[in-house]
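Remarks on the structure that follows.
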Amino acid sequence: MVTPLQFFFFFFFIFFFYRETASERGNTSRESGRGRSRLLVRSLMQGSIPERQDHTLSRRQTLNRCATQANEMCSIGHNIYLFIITRQEVMKWNGWGYNDSKFFFNKKGQVELTGKRYPLSGMILPTFKDWIQNTLGVSLEHKTTSKASLNPSDTPPSIVNEDFLHDLKETNISYSQEADDRVFRAHGHCLHEIFLLREGMFQRIPDIVLWPNFICIPVINLFSLFFPTACHDDVVKIVNLACKYNLCIIPIGGGTSVSYGLMCPADETRTIISLDTSQMNRILWVDENNLTAHVEAGITGQELERQLKESGYCTGHEPDSLEFSTVGGWVSTRASGMKKNIYGNIEDLVVHIKMVTPRGIIEKSCQGPRMSTGPDIHHFIMGSEGTLGVITEATIKIRPIPEYQKYGSVAFPNFEQGVACLREIAKQRCAPASIRLMDNQQFQFGHALKPQVSSIFTSFLDGLKKFYITKFKGFDPNQLAVATLLFEGDREKVLQHEKQVYDIAAKFGGLAAGEDNGQRGYLLTYVIAYIRDLGLEYYVLGESFETSAPWDRVVDLCRNVKERITRECKEKEICQTCVEALDHSRFPEKAAEEDHYITLLKSFFQLSLWL
């Protein structure tokens with residue numbers, strides 16, 4: 001049924017088209033431009049592009065260029081060809097994060113972070129080099145180099161069902177079969193996956209990449225100019241086609257998975273589709289009365305928080321991968337954030353989920369926050385990691401931005417007393433927004449990442465603090481552990497809460513270690529993965545362990561893991577300790593060049609408080 005608003009737009013379009021036609025009868029150059037615009041539009045909508053003049057450009061770069069040209073040539077006063085620069089243009093293809101951010105050794109041999117995105121960017125880390133050499137025993141003379149760029153001939157060939165491809169073109173869904181697009185979405189960020197990108201290649205990668213989107217083209221559909229189709233509808237079409245032709249679908253959001261969920265099975269003979277949700281990145285609505293927001297699954301955490309902040313709200317969900325991970329990824333991996341103590345885990349934030357499956361669309365019939373009848377379908381979806389279907393939309397809880405935020409830190413004589421303190425804080429139900437306990441090795445690591453001090457006075461104060469803790473209080477620098485704290489909320493309540501936590505810490509020998517140390521500890525969260533990439537250049541493999549354990553097993557767990565790592569490395573004649581063994585059978589050429597790939601890592605433990 002056509003609404004009055006649609007009639008208005010229809011007659012407006014007819015008037016506009018008639019006026020343009022009349023004015024262009026004597027202007028062949030302008031008509032030629034409009035014709036080229038329509039050709040570009042048709043090519044873009046069909047998922048194909050005109051033949052490239054510059055063969056150094058990727059398909060997505062060419063699409064963006066074509067879209068820009070179409071906008072310039074189109075006389076309509078709106079940019080309706082929405083090809084947003086994808087993360088692929090700004091992120092590394094074989095490492096973590098942004099292209100312009102990287103740790104490196106400058107000409108003076110000091111470690112420095114490039115770019116301008118992080119508080120550490122452009123700063124000198126004067127003690128990190130010594131820590132690498134002395135703690136890990138690494139020689140900076142021996143450096144390995146990764147592939148500078150991807151060679152398409154090294155990638156597995158694309159296996160695509162031609163009948164499927166024919167039907168796909170009729171849907172006007174953007175797609176790519178190019179090697180760089182396929183490899184970029186063939187992996188997460190497990191150490192083994194990044195190692196493969198740097199030193200070898202995957203045995204199997206997606207055969208085709210699809211982008212559900214909501215681009216509106218007036219040549220194809222008059223009303224779509226004003227009423228774009230939802231990304232969800234494109235996902236339904238893709239899933240239906242995959243069912244029709246017996247194809248595999250691997251959804252991808254931010255690509256930050258550490259569970260090998262994005263790796264393609266080497267023995268899979270069917271066409272594998274990588275369904276990229278990066279263009280499904282809108283906040284569809286915000287309900288300020290019920291404090292909820294309905295969003296598409298492909299929106300990243302940092303973009304979601306940025307847009308909500310404009311209205312005075314936040315989700316409070318801050319996983320370490322906040323910059324790049326997506327809402328769909330949070331739901332599908334049952335994610336947790338560092339401020340879960342007051343905001344909850346993702347299962348506490350989700351109100352409603354929409355998921356497309358081979359059997360149809362799964363969603364609750366209402367947006368109620370809780371139902372007494374069970375089982376709850378949301379708990380089947382959360383943690384399914386794309387095995388049941390494709391999450392397209394979610395309704396999540398939002399909160400007003402906290403009035404006051406304060407960081408803090410506490411030093412303990414040893415790790416065991418720190419654990420006991422966190423246990424007491426949990427018992428009294430007074431945990432701050434975030435509290436993390438680092439063992440001595442991670443404390444030493446974090447201290448090595450401390451930037452160069454700006455003044456002699458600051459350096460003097462740091463020395464005085466160290467003297468007070470080690471000499472006056474008798475803390476052993478090789479035993480002490482540190483907890484970082486983050487408080488949020490009403491200012492008066494935060495200050496009361498802070499006093500309560502510090503009073504508990506004092507009972508376990510804890511000493512306040514300053515707000516700056518606490519803040520720096522949390523800021524390091526977003527650059528740690530860049531450190532891993534620096535280590536790989538010097539034959540250092542760094543991996544993280546994440547698990548949960550009851551309180552009475554925490555200390556034993558940490559001790560046993562370290563002992564197991566040390567024992568395994570000794571048996572395999574690997575220097576120091578390691579978390580990831582090298583399988584030479586995958587790299588016979590590399591194994592012939594090196595006696596063994598040195599794997600070095602000090603096992604760090606960080607205990608977050610779970611209530």
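In case you wondered, yes, glycine gets a Cβ from its N, Cα and C as well.
Some features that TrEMBL has for this protein:
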| type | residues | note |
| --- | --- | --- |
| BINDING | 251-257, 320-326, 333-336, 385-391 | FAD binding site |
| BINDING | ARG532 | substrate binding site |
| DOMAIN | 214-401 | domain 'FAD-binding PCMH-type' |
| SIGNAL | 1-23 | signal peptide |
| SITE | ARG436 | site 'Important for enzyme activity' |
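Of all Cβ atoms in the protein chains displayed, 21 besides its own lie within 10 Å of the Cβ of ARG436 (site 'Important for enzyme activity').
Scoring each of the binding-site residues (PRO251, GLY255) by how many neighbouring Cβ atoms lie within 10 Å, the top position goes to PRO251.
Around the Cβ of ALA335 (FAD binding site), the same chain contributes HIS317, PRO319, SER325, GLY329, ASN345, ILE346, each under 8 angstroms and 6 or more positions distant in sequence.
The two recorded residues, GLY255 (FAD binding site) and ARG436 (site 'Important for enzyme activity'), show a Cα separation of 26 Å. For the binding-site residues SER321, SER325, THR387, the ranking by surrounding Cβ atoms (within 10 Å, all protein chains) places SER321 first. Considering only the binding-site residues SER321, THR387, ILE391, ARG532, the residue whose Cα is spatially closest to the Cα of ARG436 (site 'Important for enzyme activity') is SER321.
In this structure, ARG532 (substrate binding site) is part of a helix by DSSP. Among the binding-site residues PRO251, SER321, THR387, ILE391, not one has its Cα within 10 Å of the Cα of ARG532 (substrate binding site). Counting other Cβ atoms within 10 Å of each Cβ, the binding-site residues ILE391, ARG532 show the lowest value at ARG532.
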